[in-house]
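Report on the structure given below.
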């Protein structure tokens, strides 16, 4: 019986084909499932860092410091100031009033200002704000000879080589003395120049009146000069209600053309990561992400060891390496950011009279978000084309196509299902069986071409046997390469083979007669 089963399948069995197909399908599905879980985990991490309160915190703070008008001049605010006079009005007006909140709207004192100012009663001012300016030296450009009698001074645009580092003015406090730049702080890209850290720096006081007196003193002693090219106002806030830091930078650029150009940056970021229960869920996702990263790195290392230089000839392998590099950069920065936050907060709690530089953390945090966005983009690109670029999956598709019936067409099946649905809904008249019509047409055509009735009946009988056997044995649902057959099934198969042999013998005889006739005509 086993021999008959092998014989009716057309030759020697292929047990390894079915086993290999099952293994490859299972392996491919496991890879796809694993990578899909990785994508879901990455999406949770990405969107878990986004908080709708970020937008509202930025909006509230920008409205306070950018849109608040100078007293007595409703048209002048930080966005619209264009002269040094307007700048000092802003410093002594909207900025001063916006930074110092020490009483409720009923003028009742809420807390001691030694603690810190609470902007809008909810946002703690971290440390004290810092004001910094950068200047250029005189004679950094050349005046045309015909105009030297009218103008002897010339101040070029800001560059690091043109920067003025000499003390000026009263030369007593830090605001009149140059401070060297910190190499770890990022440069600022403005509208008319790229500015480095350092310069002439001073911090504001905890007292509102002391700060106002400092502004007046600086204005009267011409702290802003013709060589001034940019002024930065930096401060940071923390809102415990939504666990968000808001790092603010207001920038006033003084181009060589004269006038003033203002710009601003508001960064609302979540630097304290593990506070609520939801944050710990995100932490578990971060651990899972690291596990995935180790697994994927091991897999790629094995591929490189196996294929050696051939590995680097595939674009998709380079995409894999790019994803791994981006993931490692994201993990490294996350660890670095948490360490720096811990150190900064510890230093801030020791000395609240000092400026806390959260700007560089916010700056790199934005780049971290960009890295995550690029990572998730390429990760989804890989996911969409994984089935195409995966060689194993291609082999599985090829093996599966071998096991399909040759007359199976997906389009025909969809069309037939569509027509049946229309007929059941009485939207289309039922049609006669196309197979019966086709059979009749074939029989009539055979009679017209001179075939006798015995040949026609024999052919129809053979076709019926073929269809019955295909329906019984040629099924995609067969799970084994070996199946036992009964005596009756073996007899039917044997008769089918005998009839095929007769038909082939009959066809061979006819071909021989035709060939002899052709030879006789020649």
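Placement of Cβ uses the backbone N, Cα and C atoms for every residue, glycine included.
Just so you know, TrEMBL annotations are computer predictions that nobody has curated.
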- Query: Which of these ranges is annotated transmembrane segment in TrEMBL: 278-297, 298-317, 398-417?
  - Reply: 278-297
- Query: For the disulfide-bonded residues listed here, 141, 154, which shows the highest count of neighbouring CB atoms within 10 A?
  - Reply: 154
- Message: Within the domain 'Polycystin cation channel PKD1/PKD2' (273-382), count helix residues (DSSP H, G, I), strand residues (E, B) and coil residues, in that order.
- Response: 97 helix, 1 strand, 12 coil
